[in-house]
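Peer 1: Have a look at this one.
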Amino acid sequence: PLWALLSAVVFLFLKKLCCFVVYKKKTICNSFTPLIMDDNDELDYVEEDYYATLNLPRTATVEEISKAYRNLSRIFHPDKHGNGENKQKAELMFNRTKKAYEVLSDPHQRAIYDSLGVKGLETEGWEIVHRTKTPNEIREEYERLAREREERRLQQKTNPRGNISVHINATDFFSRYDDEYYDAGLLPSIEVSGMSMSQSIEAPLSRTEIATLSGSLHLQNGVGSGNFLLSGKRLINKGWFEVDCGAGNGPVLGAKGSRNLTNRIFLTGGTTFHFRPNAIIPGLTGTTAIQLDKNTLGYLTYNAGLQNSMSTVVERNTEKYHCNLTITLGIPHCYIAASYTRKLLEQGLKLRVALKGGTFGFLSECGAEKKVSKYSSVSATVCVGVPSGVTLKIKIIRSTQTYLFPIHLSEEVIPAAIFYATVTPLLTYFVLKKMLFDPMNEATKQKNIERVKETNSARMAEKRREAESAIALMGALYERIRKEERKCEGLIIVSAMYGKFTDAENVSLEEADDMGFVQQNAYVIDVRIPLQCLVKDSQLILYSSSKSELPGFYDPCFGEDKQLKIDYEYRNDSYSSIFGDMDPVRLPVLANEAPQYMAISIGVVLLTAYLGFTGCTATLEDEGRHGEQQTKKYDKQYTTSHPNLSDSEDQEEEEEEEDSESERNRRLHIESLGQLKSAKLKSIEKSLTEEQRQAEKEIERAQLAAIFELLKKQADSSNLNEDDLKEQLSLYR
C-alpha cells in the first residue's frame, strides 16, 4: 500500500508539472532550450537542389545528366519561344537548368556540391557569402560568422571537460531501518552519501606542445579529498611525452609517454611518485596495444604501486555494435568482465548489457542511452549484484560535460527495487518527452521557420515566379504528351496537388475561411502540368529529394511537412496515390498489380515452354525428314543407274509430293504458333513495365541460348551443317 500511495503521488506530481510546462511552454522554451536542444538544428538559407532541378538521382551518370539537360533544353531554350514575355520566362528557366548542368557535369564542382552544397561553390576566400543577399544581410551574416568563429577558437584552445557525480542513498525506500530508539518518520529518507567533481582545460603552447590543468574534489560520508594536476605534453616522432606535477594527499610527480612501434602495435608507459610524510610511494604502469584487425584492438596492461594488477582487454568496435572482454588479476581483486553494446543509429539509441564476476562478488548491468539532441544524451543503467544490491545510474551528457547520479536502491536483490529501477526511468523519459521536449522542439522549429521565411522571402518569391514561368512554357509539351498517352491508353495525370493537407481524401485548391467565404488554399498548389510533362513511356519516375525543386514546383508552406497526391488514369482505369515530400515516386501503381503480373509471368513461361517443346519436336521431325529425303534422293539416283529395281519413278514422285505437302503443313503449323506467340506477347507487353519487359527479354535470350546448344549437340550427332542449324533455330525463333 505504501508503494502504491507513493506511485500515485509521484504520478500526480509529474502530471501537474507537465501541465504547468505546457501552459508556460513559451517561457520555459526560451529559458531552457539552450541547455538541452540542438544549436545546429536551425534552418539556414534555402539552397537549390540541382539533382531535383534535372529530376535525377544523386548516383546519376554523366550520360544521364546530359540526357536530362537536353530534354529540359527542348522545353526552356529561349530560341524556341520567339520574342516577348515567353522568351524572358524561357531565359529564366534555361539559365537555372544550365547552371545545374554545369555543376553536375563537372566532376570537381559536383564533388564540392555533394559535400558542401551551394555554399561550397560560392566560397570567396574570406567567408561564405550568398550573392543573392542584400548588403545589410551580408553584414549581419559576417558578424554572426565572426562570433561563431571566435567561439570555436575558444573551444579549441581550452577544450574544457567536466564530470560531476552525485551518489544518492535511497535504500530506505525498500528496506526501512526500524529502531525503537530512532523515529524513522512517515516517509523514507534520501541522503547524498558522496559527491565528486573534476574539471580540465587545455592550452596549446605551440603546434607540438599542450599544457593541461585539471582538478578534482571527492566527498564520501563527510570525509573529503582533492587534488590538482598540471601537465605538459609534447608531440614527438611517432608518439608523445608528458610530464605531470601536482598536489593532493601530498605532492605528486610523474612522467609518461607513448610510442608507435609499427602500424599495428604501440606502447604506453609511465611512472609516478607520491610523496607522503613518511614515505615515497612509486607507481608504474605500462600498456601494449595491438590492432588485431580493422575493428578489433587488444590491450595488455600492468600496474604497480598503490594497486597491483595485470589485465588483458579485447575490444571490438563497429558501426553496429561494441563489445569488450576484460580479464584482471590483481590485489585485492581479480575479476572477469564482458559487455556488449548495440548501436541503433537511426533511432539515436544504444542498448548495453554487461556481466562482471570475481573475488568481490557478481554484478550485472542493463541499460540504454538515448540521444535527445546532437550534443545531448541521457542514459539509465540498472545494476544488480551481490553483495552490492540494486543501483540505478542516471547519466546526462551535454557536449563535454557529464553528470552522473548513482542511486543505491537496496543492499539486497529485491524484485520491487529492480522493477522500479527499470520502469521509473522509462515512464519519466516518455512523460518529459511528451510534455516538455516535444513542445520545446516544436517551438524552436517554428521560431527557426519564421526566421528563415523572413530571410528567404525574396528567394521564395523568385521560386514561385520560376514555377509559374515553367508551367507557362510547358503548355505545348503537355498537350503533346497527353495526346500520345491517350492513343496508347497510357498514363494520364488527372489531378495532382502538392503541399500541406491533413485530409488527403478531400484536399482541394480552395477552402472556406472562418466567415464561410471560399478562397485559394495557400498551402496547396496544382502540379498536374509539370508532372504530365515528366511522363515518359507511360511512366512517371521521381527520386528521393524534395519535390519543391522540380521544374514547375515551389514550396507553398516552407518548413511544414508536405505531401503529393496524384489522381491518374492508366489503361482506362482510375487510380490515386499519396507520397511524402522526400519519397520516391514510380507510377503507375496498379491495384492488385502483383497477382496480375504473376499470372502474366506464369502465362509467358508456360507459353514459352510449350513453344519450346513444339519447336524441339519440329526440329527432330525436320531432322528425320531431311534424312529421309537424302535417303530417297540416293535411292532415286541408284535406281536410275540400276533400271532393274522394283520402285518406279511415278511412285517416287508421288511420295515426294506427299512429303512436300507434309513439310508445308508443318511450316504453317510453326508459323501459326509463332503468330499466336507474337499476338499474345504484344497483348501482354501493353501491361508490362520497362523492367518487366527487360526481364522477359533476358528469359527469352536464355531460352534461345539453351535451345541453340541443344540443336548444336543434335547437329554434331546427326552431321547437320551450320546452315541447317541456323534454319532450324530461325524456325523456332
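Just so it is clear, glycine is given a Cβ too, placed from its N, Cα and C backbone atoms.
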Peer 1: Please identify the range among 125-145, 440-460, 713-733 that TrEMBL labels region 'Disordered'.
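Peer 2: Spelled out, TrEMBL records region 'Disordered' over residues 713-733, not the other listed ranges.
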Peer 1: Between 0 and 100, where does the mean pLDDT of the domain 'J' (49-117) sit?
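Peer 2: Averaged over the domain 'J' (49-117), per-residue pLDDT gives 86.
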Peer 1: On the DSSP side of things, how many residues of the domain 'J' (49-117) fall into helix, strand and coil, could you say?
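Peer 2: The breakdown for the domain 'J' (49-117) reads 54 helix, 0 strand, 15 coil.
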